[in-house]
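Chemist: Okay, here's the structure, questions in a sec.
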Amino acid sequence: MSTSPAYTGRFAPTPSGYLHFGSLVAALASYLDARAVGGRWLLRMEDLDPPREVPGAQDAILRTLETYGFEWDGAVERQSARHDAYAAALDQLLARDLAYACTCSRKQLEGQPIYPGTCRDARRALTDAAIRLRVPDAEYRFADRVQGEFAQNLAREVGDFIIRRRDGLYAYQLAVVLDDAWQGVTDIVRGADLLDSTPRQLYLQELFGLPQPRYLHIPLLLQPDGHKLGKSYRSPPLPADQAPALLTRALRALGQQPPAELAQGNAREVLSWGVRHWNPAAILRQPSLAEAEVR
Ligand code: GLU
Ligand code: ZN
């Protein structure tokens, strides 16, 4: 790419299930925030964890997004094709002694809210071991565009965290930071369940000398039982024939005020209304929202 656009956003679904209403709201927020300023909007499949992937979910997610009128820029990138980049980054961290092998079993760590650092200076062999990142006793903070100031002391509140699992799978925290930078993402719009992952991501950006994107975390939609929508049960794919109605409802979940007739139109019309009227200041400044409250 020869130019660096002022705004590049992305939607980064995990294919551990179909798109549900909660992920539709996240897709819509990132899409509108990008398109309202004429920015780019990318799609990245976060398929890091094959055992947890639902067969057919990747295609189903892409088809639903198309049916719902979303158009993304460029090709869909897949994290499964990025293992070489993750391995190189991991090697660099190990070489700089910023990361180390950990052989603690789940049982050994039981009841410990934060990793106690058992393997920190033990120089364990890398084979059949998880890799953890050493975190500093320092506060990492950022100003979220909706949620405001957010800060965490990494040593006290998070602890040395896993960047490659013992089974060889790369961790989300590492992959997301490398990929957002590689794709030139300037703006991250996603669910507030990731608010408390952000300081870890800021630390990784600092270690790799990567630019820090702007962040906007939308309230996480909760099921009546208090769980994250789409998490504790297998949600069916979103129905194609309800696209305008569900997109209109998704706009309301984001605090926007679409006219009721919009639900009778088509998906493209809803998106285009959303782009023209996008008002991020109307998004509720709270980490979660009961789905039942969204009418
Ligand atoms: N793949 C993550 C998810 O589906 C989102 C990651 C992100 O937006 O940073 O929850
Ligand atoms: Zn350990």
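Using the three backbone atoms N, Cα and C, a Cβ is placed for every residue, glycine included.
Annotated L-glutamate binding site per TrEMBL: Arg10, Phe11, Ala12, Pro13, Thr14, Glu46, Tyr172, Arg190, in sequence order. What TrEMBL lists as Zn(2+) binding site is Cys102, Cys104, Tyr115, Cys119. Marked as ATP binding site by TrEMBL: Lys231. Positions annotated as domain 'Glutamyl/glutaminyl-tRNA synthetase class Ib catalytic' by TrEMBL: 10-231. TrEMBL lists 13-23 with the feature motif ''HIGH' region'. If you look up TrEMBL, you'll see 228-232 marked as motif ''KMSKS' region'.
Each of the listed features needs to be described in terms of its position in the shown structure.
Modeler: DSSP classifies Arg190 (L-glutamate binding site) as strand under the three-state reduction.
Other C-beta atoms found within 10 angstroms of the C-beta of Cys102 (Zn(2+) binding site) number 20, with every protein chain shown included.
Summed and averaged per residue, pLDDT over the motif ''HIGH' region' (13-23) gives 95.
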Chemist: So of all those binding-site residues, Cys102, Cys104, Tyr115, Cys119, which one's Cα sits nearest to Arg190 (L-glutamate binding site)?
Modeler: Tyr115
Chemist: To test your reading of the L-glutamate site: which residues beyond Arg10, Phe11, Ala12, Pro13, Thr14, Glu46, Tyr172, Arg190, same chain only, put their Cβ within 8 Å of the Cβ centroid of those residues?
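Modeler: My list of surrounding residues reads Arg44, Met45, Val176.
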Chemist: Quick test of your reading of the structure: among the binding-site residues Arg10, Phe11, Ala12, Glu46, Tyr115, Tyr172, whose CB sits under 6 A from ligand 2?
Modeler: none
Chemist: Which binding-site residues are spatial neighbours of Thr14 (L-glutamate binding site) here, meaning Cα within 10 Å, out of Cys102, Cys104, Tyr115, Cys119?
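Modeler: None, since no candidate lies within 10 Å.
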